[in-house]
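Enquirer: Have a look at the structure that comes next, please.
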Amino acid sequence: MKSLTGTGVAIITPFDQDKNVDVEALQNIVEFQIENNIDYIVILGTTAENATLTKSEKELVINTIVKQTNKRIPLVLGIGGNNTSAVVEEFKTTDVSAFEAILSVSPYYNKPTQDGIYEHYKAISAVSTKPIIVYNVPGRTSSNILPETIARLAKDFSNIVGIKEAKGDIVQAMKMIAETPDNFMVISGDDMITLPMVLAGGSGVISVIAQGLPSEFTKMVNLGLEGNAKEAFKIHHNIAPVIDYIFEEGNPAGIKSVLEYKGYCTPEVRLPLIKASAVLQAKIKDFMTSLS
């Protein structure tokens, strides 16, 4: 899908000091992405603190972003879970008309086998009216999707069009690229290895840091897609420290501190997450000051 090539942003849900959804901040963050040429936005992913939003808050986030973007860039919606029948029902009942595709995380906690993962995606493929991007993040799910499993899914279901690969293993990512059709998207879900993945044939990234550094990260990815490794790696090395910082105490605490530095939102997150420590916030502030 050409429309989802390049840099996608896993958008945060900004909160005010009372930890309510800050609609104005969300509108401003979305506009910041568009102004800096982000290719698409992912709504209600991990970075959005999806797990601690109520149903009405999720609807508020979706409606705010759909209205703010006003069809100027593609949108991807996160729908997933570890109860296949419940996920199938959500696919059936959710209005997805505004979205280019659905990002669906592999079942977590249950620790299914590869065949179980295959059957899960087979079930949602049968009911989805939109293309599906599989999301492999074993650090959160405790179940890694193997390259041969994603190759089976790509071969058997035409509406499974890509994978967000967030294992952080460049060798596994390269196997996925090699074993899937040329038009199947292998999308980086790990900011630190995005450039190597793109240079190996990946289609881009769904990024966390890009919403804080959209211009820089988008330029790096585009240079990588053009095959200009030398210039792309200059940007990579320049921003690599802050990529480490934003994940040091968990996501999205770090990226919210970056966005706070830029004046877009508070650093507030919802329990059981806690905001970045004063030490980490100082490190991020020092780096961002030196970068600018």
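We count from 1, first residue shown onward.
The backbone N, Cα and C atoms fix where each Cβ goes, glycine too.
Nobody curates TrEMBL annotations by hand; they come from automatic prediction.
Just so it is clear, the model here is predicted, and its values are computed rather than measured.
Feature table excerpt (TrEMBL):
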- Thr46: site 'Part of a proton relay during catalysis' (SITE)
- Thr47, Ile206: pyruvate binding site (BINDING)
- Tyr109: site 'Part of a proton relay during catalysis' (SITE)
- Tyr135: active site, proton donor/acceptor (ACT_SITE)
- Lys164: active site, schiff-base intermediate with substrate (ACT_SITE)
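What does the local environment look like for each feature on the list?
Expert: Every protein chain considered, the tally of other Cβ atoms within 10 Å of the Cβ of Thr46 (site 'Part of a proton relay during catalysis') stands at 22.
Annotation for Ile206 (pyruvate binding site): same-chain Cβ neighbours under 8 Å, separated by at least 6 residues, are Gly8, Val9, Ala10, Val42, Gly45, Val76, Leu103, Lys164, Ile187, Ser188, Gly189.
Within 10 Å of the C-beta atom of Tyr109 (site 'Part of a proton relay during catalysis') sit 11 other C-beta atoms, taking all shown protein chains into account. Tyr109 (site 'Part of a proton relay during catalysis') falls outside any helix or strand according to DSSP and counts as coil.
In sequence order, Gly45, Gly78, Gly80, Leu103, Ser104, Val105, Ser106, Ile163, Lys164, Ala166, Gly189 are the residues near Tyr135 (active site, proton donor/acceptor), counting only same-chain partners six or more apart with C-beta under 8 A.
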Enquirer: Taking the Cβ of each of the recorded positions and counting other Cβ atoms inside 10 Å, which one has the highest number: Thr47, Lys164?
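Expert: Result for the most crowded candidate: Lys164.
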